[in-house]
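Listed features, source TrEMBL:
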{"type": "BINDING", "residues": "HIS119, HIS123, ASP312", "note": "Fe cation binding site"}
{"type": "BINDING", "residues": "VAL144, VAL145, SER146, GLY147, GLY148, ASP177, GLY190, ASN284", "note": "substrate binding site"}
{"type": "DOMAIN", "residues": "32-318", "note": "domain 'Gcp-like'"}
Amino acid sequence: MLILAIESSCDDTAAAVLDAVLEADRRVLPRVLSNVVSSQFEVHAQFGGIVPELASRCHIEAIWPVVNQALAEADVSLEDIDLIAATQGPGLVGSLLVGFTFAKAVALVQQIPCTGVDHLTGHLLAILLEKEEERPTFPYTALVVSGGNTSLFAVDSTTAFRLLGRTRDDAAGEAFDKVAKLLGLGYPGGPMVSKLAEQGNPNAIPFPRAWLDKESLDFSFSGLKTSVANYVHKCRQKNNPIPIEDICASFEQAVVDVLVGKTLCAAQQTGHTQVVIGGGVAANNKLRQQLKTRCAEEGLRCFTPSPEYCTDNAAMIGLAGYFQFAIGSTVALDADAFSRSPLN
């Protein structure tokens, strides 16, 4: 089955073509034929963050060229497509509507089914795009960590997900971007913080770790963000140089410690022996390395998607959409986008 997938939940316009091959033993082996992403970094950089109205307009301009490129790279045409999958939510509603409406229109014209995909399920299943030996089996514990979400789930099957914990305030990726803005590092700030952290001492500044209640699997990063702001403010008050590299390293270490600690606690509570991460922040090298090390120490298997499947992409949406379609879930033409995930 050939699937055309579309992702436009935030500031990336993405399209992909997948071939879902059903094996004799009922396993699905997806082949990614193309995976195209058009970024809006340059558009939003001058504003220091995403401007929703601009994001929507950029999606309108990019959606058809991106889809055409995905089809061309896969060497297929719209007439070859059997199913269309598009992100229905969560995200910026204006951005979501561009991709979701486009998908429904194409499905109507081509007379093929369309599925609406929860963006979070895409991240939860992205690991299944990897080679067969690099995929987990069900069930597994999954951490989704990005600019808009930081949540823990028990993944019981390709369509069954249980929320275990979520952020009570800022998402981890959001905290990275806010600290970057505070330090004047520009947008997008997360990658810049991580790059500077490599040159700093992660133990230089004792920033707090919010563990919350005992056994809680929820997260909180607002206190850490405030602590960084207070530290920078004191440096400026005393006319002391601001140790940007040490701040970045110590901040990143504090975030990673909590993400890894909570994820291991979740695996212990569920009894799962496999751990998966997904989302844009899952591309962070320190997080990937520390989680793998700690999982090995605890006798757990850790699975990390390739960086291209961590950040927003349409390939993961296509795979999640296929599994939705397999259980008979399609969307009506009057279906609307949603800003908040029912999973979260």
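The chain as shown is numbered from 1 upward.
Every residue, even glycine, has its Cβ placed from backbone N, Cα and C.
In TrEMBL, annotation is done automatically, which means it is predicted and not curated.
Predicted, not measured: the structure shown is a model, and the values here were computed from it.
Location within the structure of each feature annotated in TrEMBL.
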residue: HIS119; record: Fe cation binding site; CB count, 10 Å: 27
residue: HIS123; record: Fe cation binding site; CB count, 10 Å: 32
residue: VAL144; record: substrate binding site; CB count, 10 Å: 30
residue: VAL145; record: substrate binding site; CB count, 10 Å: 27
residue: SER146; record: substrate binding site; CB count, 10 Å: 25
residue: GLY147; record: substrate binding site; CB count, 10 Å: 24
residue: GLY148; record: substrate binding site; CB count, 10 Å: 21
residue: GLY190; record: substrate binding site; CB count, 10 Å: 25
residue: ASN284; record: substrate binding site; CB count, 10 Å: 28
residue: ASP312; record: Fe cation binding site; CB count, 10 Å: 27
Those binding-site residues, out of HIS119, HIS123, ASP312, that come within 10 angstroms of GLY148 (substrate binding site) at the Cα: none
Which binding-site residues sit within 10 Å of GLY190 (substrate binding site) - Cα, from HIS119, HIS123, ASP312: none
Secondary structure at GLY190 (substrate binding site), reduced by DSSP to three states: helix
ASP177 (substrate binding site) versus binding-site residues HIS119, HIS123, ASP312 - nearest by Cα: ASP312
Whole-number Å value for how far HIS123 (Fe cation binding site) lies from VAL145 (substrate binding site) (Cα to Cα): 9
Rounded inter-Cα distance in Å - SER146 (substrate binding site), ASP312 (Fe cation binding site): 9
Listed binding-site residues among VAL144, GLY147, ASN284 whose Cα sits within 10 Å of HIS123 (Fe cation binding site): VAL144
Neighbour count (Cβ, 10 Å) for ASP177 (substrate binding site): 23
